[in-house]
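A quick write-up on the structure given underneath.
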Amino acid sequence: MKVIINGRPHELPEGASVADAVGGVTGPAGLAGPGPAGPGAVPGGVAAALNDEVVRRSEWAATTLKEADRLEVLTAVQGG
Amino acid sequence: MDGDALVIAGEEIGSRLIMGTGGAPSMSVLREALVASGTALTTVAMRRVDPSARGSVLDVLSECGIRVLPNTAGCFTAGEAVLTAKLAREALGTDWVKLEVIADEHTLLPDPIELVDAAEQLVEDGFVVLPYTNDDPVLARRLEQAGCAAVMPLGSPIGSGLGIRNPHNIELIVERAGVPVILDAGLGTASDAARAMELGCDAVLLATAVTRAQSPARMAAAMRHAVEAGRLARGAGRIPMRRYAQASSPWEGIGTGATLTS
């Protein structure tokens, strides 16, 4: 099936999950759990929205994608 | 000054200089500037993951022990800003957000209608909302009434370095605000930051003035001192302006031939 990930078409097998798609974009780092504790600690630093709805990290593996879904995978960059 | 910390939404922030991270030529330059600034809170933007990116701004903030403040830069509608804030909350584990909803790419000025709409939605959803706003006292009041934890009026357009173009409006906002007022955008050099604090702002937020300076670390240090100096001056209470001179030396006991003393 074809899904749009960060604005570009990707071919994924039927039954692929949000976790599969995020891992394909970020590599293992994006699927890592919470970062180290401390004032600047961040939990992974990556988030995903499926068809303009946020998918919680805990639901990535259980959320399967459908044909023509739009997935956005975002992280923090320099700005502001 | 003891007992004079910046407090937002009940949380103490260790510096009245909030730094943005945009515009730095490299992560090492950014790290040096952040350390020199003494900042305790630093903005980042949310963007699509770039698999080829090397080095993360989050790593720099984590190493420096600086709290992250995600923004919604680049959003033109309330809907975009709300979704971006929710993604930032999920990615970074913070419900604080610098809310930015701009009207056009030419001025980067806030769209007041979309801004208030987004602020109301995010407050309802439990966010601590810090809105970047026009220097409009009425809009600032509406944002405070919407439940925002601070208001952040611009000094002049983002990245312009024009300083504070309407100090009267900033004073009006400061006079009436029941939440911290943070001067955000347009500052060019240290005297602009000091001026913001002298006008009564509780903090300043700046990026370009430091990150695009010839020596970012040196300008960051200058900004740090300027914020402290402006805060001290505000607390000290400036003298009133006068139309004519007022001698600081006594007139009595002037020797023969002396006609004037200063």
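Each residue, glycine too, has its Cβ placed from N, Cα and C.
Please treat TrEMBL annotations as automatic predictions, because they have not gone through curation.
As recorded in TrEMBL:
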type	residues	note
ACT_SITE	B:K98	active site, schiff-base intermediate with DXP
BINDING	B:G159, B:A185, B:G186, B:A207, B:T208	1-deoxy-D-xylulose 5-phosphate binding site
DOMAIN	B:8-250	domain 'Thiazole synthase ThiG'
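Overlay of TrEMBL annotations on the structure.
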residue	record	contacts (Cβ under 8 Å, 6+ apart)
B:K98	active site, schiff-base intermediate with DXP	B:T43, B:L69, B:P70, B:N71, B:T72, B:L130, B:P131, B:Y132, B:M152, B:L205
B:G159	1-deoxy-D-xylulose 5-phosphate binding site	B:G23, B:L108, B:A185, B:T208
B:G186	1-deoxy-D-xylulose 5-phosphate binding site	B:L154, B:G155, B:S156, B:P157, B:I158, B:S160, B:G161, B:L162, B:G163, B:I164, B:R165, B:D192
B:A207	1-deoxy-D-xylulose 5-phosphate binding site	B:M19, B:G20, B:T21, B:G22, B:G23, B:T43
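Chain A lies within reach of B:A207, taking the binding-site residues B:G159, B:A185, B:G186, B:A207, B:T208 and requiring a CB-CB distance under 8 A. Overall, the recorded 1-deoxy-D-xylulose 5-phosphate-binding residues B:G159, B:A185, B:G186, B:A207, B:T208 cover a maximum inter-Cα distance of 9 Å.
All protein chains included, B:T208 (1-deoxy-D-xylulose 5-phosphate binding site) registers 19 other Cβ atoms within 10 Å of its own Cβ.
Taking the mean position of the Cβ atoms of B:G159, B:A185, B:G186, B:A207, B:T208 as the 1-deoxy-D-xylulose 5-phosphate site, the remaining same-chain residues with a Cβ inside 8 Å of that point are B:G20, B:P157, B:I158, B:S160, B:G161, B:L187, B:L206, B:A209. In the three-state DSSP reading, the residue listed as 'active site, schiff-base intermediate with DXP' counts as strand.
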